[in-house]
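Student: Dropping the structure in here first, questions after.
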Amino acid sequence: MESATETERKYDVPADFELPPLTGVGGVSRTSDAETHNLDATYFDTEDLRLAQHRHTLRRRTGGSDAGWHLKTPGDGATRTEHRLPLDAGTDEVPGPLQAQVRAIVRDRDLRPVARLRTVRRETPLCDDDGHTLALVAQDTVTAETDAGRQHWQELEVELVDGSKKVLTAVERALLAAGATPAGGPSKLARALGDQLPAPGLGGDGRPDPVLAYARAQRDAIEAYDPGVRRGEPEAVHKMRVATRRLRSTLRTFKAWFPPQAAGPVTDELKWLADLLGAVRDAQVQSHKLLATVDREGPEFSTVARRIREHLRDAETRGRAALTEQLDSERYLRLLDVLDALVDAPAGSDANPKGRVRKALAKADRLLDQAHADGVDAELHDARKAYKRARYAVEVLAGGAGKPGAKLVDRLTDLQDVLGGHQDSVVARELLRELADAARAAGEDGFPYGVLYARQERVGDDTLAQLSAVEAASRRPKLRGWLG
């Protein structure tokens, strides 16, 4: 499967619209001869149009230079990612690789044809002095057929090829001056479906609730990063794990906002998912950090490097196999269904959310004070987890608190990073002790592991030396005052 990022802007135009001269606009030196293509696309979705609601489009299209199966997923602004398979990957059924990419949205629902769009496209390349294509302007005459009937319209698409976004902006000014208007919808399919798409809703009183909005954002992130996790992308594993932790923390901190009979079991299931993701991510992080340390040592550490690499690679492989299997499990798909019901429900509490945030911060402060008094690594780890939960709680309300809210999130992140750096050194030392035992049992020299253990001990101590400063910064009354 091929993937590419596309950047384009769409415009509505009247039936008598004529493309204005674009030579000299935004670095365009000339326009090449226009080519006409007859495109015929069948769009697939669930009966309740889940893909369209998530701004995904899935089609099989014939005609033009890129005939085939196309899955478009949303990005930032005018940017989208397109995943492509050839036409022969399937005729009436969506190919398996594309089904996997939308599994978190579709789950076990059937994908079926929901629209057919036939487009006569007149495509004009915009070129620079050297003949390189900066952008393509497509004048489309569209006929759309759905269960609701047939529609006809015209529109424009301007897609970047080798040009910059400045080209898009300059061309847009010329098109708007000629009578075009920004498209009223995100895609041809959305326009074709029209009122069949349900309108997005707000909370029960018509106002967005910050707790539910934050929870929904994490649910959306889990779904959004699912395809990347299936493709084995390390950053997607990390981001999906963070979203899972944020959502679990929100359900625990703001219990009154959610039905108690559902929220409790869901937090257990989110922990299960986070643990699956963590088995992969932790192996990746430890491998990166430990091997970077070993690389700074001499050649006598080559055997150590090999053992570390093999051990953590095997751990990651086992973790990835378990994760991949569970992403297609009934348990995971039902968790996503329950999350939908949980976070899309109206707010269930009139409680003051700031009080919940204050409580989370106070607990974290107490745990860290106790850890200082006792000097126990495990208590520092407990404090770290409590500050992470408190930080997530602050994030829920920080958007409405201006600079103090944003700064408090930053200072809590700094504190969490210091405590996290110390915990990483603790975990690394435990692993080195385990590997040293295995090395000695195999008749290898255990001394290099002792050297690395001492290095990690020093890393932990150096990290903790920063703790007092970041702790004091996170407790400044000026940053916490907005919480009451």
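Please read every residue number as a count from 1 along the shown chain.
Even glycines carry a Cβ here, placed using N, Cα and C.
Pulled these features from TrEMBL for this protein:
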DOMAIN    4-199  domain 'CYTH'
DOMAIN    204-476  domain 'CHAD'
REGION    59-81  region 'Disordered'
Student: May I ask for the residues of the chain that lie six or more residues beyond the region 'Disordered' (59-81) and have a Cβ under 8 Å from a Cβ within it?
Tutor: 3-9, 37-44, 87, 89-91, 94-95, 98, 101-102, 121, 168, 186-187, 189, 227
Student: Would you list the DSSP helix, strand and coil counts for the residues of the region 'Disordered' (59-81)?
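Tutor: Split into helix, strand and coil, the region 'Disordered' (59-81) gives 0 helix, 14 strand, 9 coil.
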Student: Determine the mean pLDDT over the domain 'CHAD' (204-476), rounding to the nearest whole number.
Tutor: 93
